[in-house]
C-alpha cells in the first residue's frame, strides 16, 4: 500500500474534545500535572481504543470506502484509503492535523520553552501518543525521561566509524540506527515468549529509547563529517530539540527555537508518505522499532521524499551563482523556465496530496519574518513564492503548484550556520521518529495485522478492462 491516504478511525479521543471553540482554536482538556508518566497514560487509554476498534470492525466492517480505478493503481495508489494511522491526518486543502490540531493550533496550545516561543517537540510527542495536550510539567518530565534514556553504546559509534567519512550522512545515520537494534527490548521479549496483548509494552520502550538516542547519533554523524570528528557533549539542562542543536554546535537562542519548530512540524504527515508507510509496513511483520525505523529512513533518503530538502538549498544557491544575489523577477522567471525545460523539477514545490501552500512552509515563513527578514536567501524564497506557482500553473501538468515544507527549511538552517545541505535529511529523520514511533506503539496496542495488499500485472489489468467493457 505504497501511497495510501491514512485513515484515522479512532483519532478523536473522547476524553479530550469539547464541543466548544475558544479563540478560534478547538479547546482540548488539559491534563492534571499530578500524572507525569506517559506510559501510565497510554495504559489507561489502550483498552478503550481496543474496544472502539472491535466495535468499528463488527458494526462497519463491510462499509465501502470508495472505488478503485486503474489510474490509482498505476499512479502510486494516490487517493486510495487503505491504512489506519492514528497520529495525524492530511487534508488536501487544510494540510496536516496532529490528533485533530492544525499547526497554528499546536503553536497556541502546546507548551513552549520560552514565553511566546515555538512548541516543544516533547509536547507534540505526548499529543501524538495520547491525543491529549500535556501540561508544561508533563513535558518537562518527558524531557528528563528522554535525557535519561539517551546513552548510546560505544559499538554504535564504532559501526559508524567503519564507514568512509565521505559516506552520505543518511547512510551513516541509518547505520547507527541499525547498530542500536541490538538493544531492542521488543526482540528480547518476543524471543522469550510474550502475549500479543503485551506487544505494545516493549515496543514503547524501544520507541522512547530510539527517539532519545537519535540526537546523539545524528550529531555524531554531523561532527564526524563536517567538524573533524570533534563531538560536543549533551547539556542536561536543555530540552530535546535545543540539546540536539547544542550537540550539533549551534547555541544561538534563535537557532534553538528554530530547532524546536523544525522537529515539531516534521514529526508526522499521516501514513501514506514513503517513510511513514515503510515503517508501518515493516513493523506489521513484527520487526522491532529499530528495524522498522531504519527501513523508513532508507525511504526518507530518496530524492522524491526527504532528500528534497537538501536539493532546494542547492538549487537556490545555483540561482544566485548564475544571476547574482540581486536577482530580478524576470531573471528568476527565466531560471525557473530553464530548469523546467531541462527536464528537471523546481525543488520545494508541489505535493502528492496537498493542493494548497503547505502549512509547514507557512509557519517557517512566519519564523523568518520574525527573526531574519533581511536574509538574502529568505528574500529570494519570497520571490520564488510569487514566481513559481504561476509558471507551474501555466505548464498545466502540476496539480499543486504551491511550496511545500522543503522550500523553506534549508534557508532557515543556512542562516544560523547549518549550511551543509547534505545533512538536512538527517534532521528530518530525527524528527520523523516521533510520528513513526508513536504509530508503531498504537499498531501493536491495537493488534493491527500483517499488511498484504493484492498486486496485479499489466496483462491482468488489460484483460479485466476488456472484460468489463464487453
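Placed from the backbone N, Cα and C atoms, the Cβ positions cover glycine too.
Where the annotation comes from TrEMBL, it is an automatic prediction and has not been curated.
So that you can see what the record holds, here are the features copied from TrEMBL:
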| type | residues | note |
| --- | --- | --- |
| ACT_SITE | 305 | active site |
| ACT_SITE | 351 | active site |
| ACT_SITE | 406 | active site |
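Long-range Cβ contacts of residue 406 (active site) within its own chain (separation 6+, distance under 8 Å): 308, 309, 311, 312, 347, 348. Here residue 351 (active site) is positioned 10 angstrom away from residue 305 (active site), judged by their C-alpha atoms. Note: residue 351 (active site) has non-local neighbours 358, 400, 402, 404, i.e. same-chain residues 6+ apart with C-beta under 8 A of its own C-beta. Counted within 10 Å of its Cβ, the other Cβ atoms near residue 305 (active site) come to 18, all protein chains included.
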